[in-house]
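The structure under discussion appears below in the form of structure tokens.
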Amino acid sequence: MSHNAPLVLMILDGWGYNENDRYNAIAKANTPQWDEWWQTCPHILLKASGLPVGLPDEQMGNSEVGHMHIGAGRVIQQDFTRINEAINNGKFAKNAVFHEVIDQLKKTEKSLHIMGLLSPGGVHSHEQHLFALLALCNQKKFRSVHLHLFLDGRDTPPQSALDSLKCLNEELAKHPVATINSICGRYYAMDRDKRWERVEPVYNLLTQGKSERQFPDAETAIHFYYKNKISDEFVPPTLIGKEHSIQDGDAVLFFNFRADRARQLTSTFLDPLFKGFERKTLPKLSCFVSMTQYDKNLFTTTAFPPVPLNNTLGEVLSSHGLSQLRIAETEKYAHVTFFFNGGCESVFTNEERIMVPSPQVATYDLQPEMSAHELTKTLIAAINSRDYHVIICNYANADMVGHTGNFEATVQAIECLDQCMQQVWQALKNNGGKLLITADHGNAEEMFSEATNQAHTAHTSEPVPFLYVGGGWHFTHSEGSLIDIAPSLLALLGITPPPEMTGRILLEKNHAHA
């Protein structure tokens, strides 16, 4: 099916723009290809955080939200904002799912196990959502509640769990309904790469109370781990206080609102064909509540079900008979597929997908190039095949290596990406193709926080670049936001964006001078 010059949309995950060169791994890196484009090709900056991407004002962007908005071409109220609003307008406290679960447990005299990421990060969860659940349990005079808390240190400073625990203890003083029964770093509880050896000890802790160490309270445990140079993200599964594991008839409530890092742990309880590891015990739960839908094949009771989206970029390309390829390494595969399609599981007609396995290393600063070279080879083969009108690809390095806080490794990651971009453009040029480059949010352009005097491992609220390589077109605006990408890409293809896409077309064809 050899037809056309492909258009590639390249998403450089975590590649933000920062005027300040200090602690900026992108500015520090040697990037001859990027520098040449920045001097000679049309480019502007796009907003990728806060209100323009459906998040609360000044909330940093993230990969899920970024890809959703790039694909949707309109502002989508994010689950985070939706849940915040429900708390503020009283709908959260009236949510029928929560009431039914608690009423059932009161009747059977069983326990509710609330688990999730205790964090003010707002990327996968927010601790205020947990506090609202505790207030609801208190309102309903239900006190058989056990907390299994995952620690962040990735979307927050590496050692910040004690601040969150202080806030939690203040809430528990007001609403004395629950005890903290386990803690665990997100590295273990929220893996998304089928590294079941990380998830298994979490499952054993939750279902059998098994743990290498036990502490009387969470603070003592965290002080012990900090003393041993273990930061929040890497705290091993640890029993706190008296053992209260999940028993038959109990209910579980997982309060994370973002799906990708909640799926695996959820599947250990709910997947009848689960093969990740041998489960010594499988509690017969009365209910498993997830804050949002994690996967349509995991039958959780969902407190905030998804709002369907029509006419995302993938659907529009498909309805115009165009072929498209989505390609990424494991870490970001869900982002260029599920999230890019508006949180929709289905694959459109003429949409193909390739996943390049991410390397099996403990943390990506140990291999800053990740699988970028393999991804580039596969991408170049796809360009040369001329089988696809549009290719949407994601390079994970700036984000995943940026999250480690290792500056030198992140510089290496950026330099590797520059070489990859150069090779991809060579192939596109040979095939008469065009290239759009952008990012979903910032990260690598700010690697150290003077405010906390710690590595800055989280995302940023900086704008992201939007760069066009291929000649013949120019930008008509000096800035935009992520929702303008899909309409602009459709304009390059000569397609009128559908009315659902409220983003603007930022690109215009150059006029030939008479």
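Using the three backbone atoms N, Cα and C, a Cβ is placed for every residue, glycine included.
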Write down the one residue from Asp13, Asp21, Asp103, Asp484 that Swiss-Prot lists together with Ser63, Asp440, His441 as binding Mn(2+) 2. Asp13
Joining His124, Arg154, Asp155, Arg192, Arg258, Ala259, Asp260, Arg261, Lys332 at the substrate site recorded in Swiss-Prot, out of Arg143, Arg186, Arg326, is Arg186
Out of His373, His389, His459, which does Swiss-Prot tie to the same Mn(2+) 1 site as Asp399, His403? His459
So among the binding-site residues His124, His459, who's got the most Cβ atoms within 10 Å? His459
By CA-CA distance, flag whichever of Asp399, His403, Asp440, His441 among the binding-site residues is nearest to Asp155 (substrate binding site). His403
In the same chain, which residues outside the set Asp399, His403, His459 have their CB within 8 A of the centroid of the CB atoms that define the Mn(2+) 1 site? Asp13, Gly14, Asn62, Ser63, Arg154, Ala398, Met400, Gly402, His441, Asn443, Ala444, Thr457, Ala458
Argmin Cα dist to His459 (Mn(2+) 1 binding site) over the recorded positions Asp13, Ser63, Arg261, His441 returns His441
Can you check what DSSP calls His459 (Mn(2+) 1 binding site), collapsed to helix, strand or coil? coil
For Asp440 (Mn(2+) 2 binding site), which DSSP three-state class applies? coil
For the binding-site residues listed here (Arg192, Arg261, His441), tell me which residue's CB has the most neighbouring CB atoms inside 10 Å. His441
